[in-house]
Amino acid sequence: MTRASKGMNLQCIATRCIAAERMTWTGPTVSRWGMTSELGPRTSALKRTHRMLIRALTCLRVVQFALWGWVPFIGEGAGRYPPQVLGCYVLALLFSGVMFARALRSGVLPVRWVAADVALAAVYAVVVSRSYPPIEAASISNWVIPPLCGVTVTAAIYAGRYRVPAVIVVIAAWVAGAWPAIGTDSRLELLSNTAMMTLFALVAGITGKWLLGAAKSADEATERAVAAENAEARMQEAIRQKRLLHDHALATLLAIAQGTRTMGRDQIERLARKELEFLRTMADVKSNGSLIQLGESLAVMIRDHTAQVVLANVESVIAVPEDIPADVVAKMTSATCEALNNVVVHAETDWVRVTASSTPQGGVRITVVDRGRGFDPETVPRRGLDTSIAAPLREIDGEATIRSAPGNGTTVELKWSKR
């Protein structure tokens, strides 16, 4: 069998082994921080703005009703006014309390409740104002004035497309109820209170629309940013898995196809399945982030590495700190794996030793030593070693040192220090 046909057969065997279980190996999508990229539910800016506005409107309505709340307890009390004055006050107070209590609990102020608020305000604006003497109908002694301002403000923000008609209804009811004051010295108060309600509603409507619009825009921008982050994370994960497959599994099979390793069909099938388990392990190490410690990550990687099948002796000594960041765990594990890949593919040896220890500064040092044929670092292109080993470590402010000479094996030293 030619080397080319042997390589094709090996790839077919690996492909069948991996394809047989492809449905069970989907691999989680992870972000560049090592956590799952699909973000969970979050409180939107629009919801937070609605709650803020509802709390503000609630406080405003409480103050407006409190301005007249002391009247029944002084002098002649509410007895100097007709019963409907106090009765409407109590009814309006109770309704407002129920409406805003529901809104505070749900974070939503439905249009139907705003419509009911407007309808009730229109009723007591006429009934109560007509119950006062004309000289007092438009004065501050009429308790309906502050709550009517609150109703127009609420309607201007939460009446939706009916905000303008709702405000007009309330102001028209106020003018109709207090109109007898037009023939008294309180006529200016009637006009000024009417203008105040109108201006309050106008400013509230514009401000509410601006705040809610800004919150909606912020949510849309956040959704676009999250979608972009998820897309980038999926792309990076796909690249990472392809790199693992290319640099690890296929590189090992290529070494067998080139004749540097001799294996039977059963051994090759077992190796292909082991490579699949390795890829799963690396995906788990990446997705769990800080949930897996560096020592455990290295131990699992070494246990499932192809070197355990291809090499006669794989030694490891691991004694590293536990408080290592998740991204450092992933990068250090990946670089160590790549160093083992190079031993399997290029070293032509049956022995390798991995030593992982802590540094006095609380960092980590990992060495991968083999007794293979070695190489001259000056004559070997640096791009492959830099891309697979050194570059990932630079991303976490680590460094990689490679020492080798022809016939004297190779030592790869990986270091990371706490900042």
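Yeah, the Cβs are placed from backbone N, Cα and C, and that goes for glycine too.
Features of the protein shown, as given by TrEMBL:
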- 218-248: coiled coil (COILED)
- 336-416: domain 'Histidine kinase/HSP90-like ATPase' (DOMAIN)
- 52-71: transmembrane segment (TRANSMEM)
- 83-104: transmembrane segment (TRANSMEM)
- 111-128: transmembrane segment (TRANSMEM)
- 140-159: transmembrane segment (TRANSMEM)
- 166-182: transmembrane segment (TRANSMEM)
- 194-212: transmembrane segment (TRANSMEM)
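The transmembrane segment (166-182) is not in contact with the transmembrane segment (52-71), judged by fewer than 3 CB-CB distances under 8 Å for residue pairs 6 or more apart in sequence. A Cβ distance under 8 Å defines the sequence-distant neighbours of the transmembrane segment (83-104), meaning residues of its chain 6+ beyond its ends; these are 51, 54-55, 57-58, 61, 65, 68, 72, 113, 116-117, 120-121, 123-124, 127-128, 131-132, 143-144, 147. For the domain 'Histidine kinase/HSP90-like ATPase' (336-416), the DSSP counts in helix, strand and coil order read 25 helix, 28 strand, 28 coil. Averaged across the domain 'Histidine kinase/HSP90-like ATPase' (336-416), pLDDT in this predicted model comes to 89.
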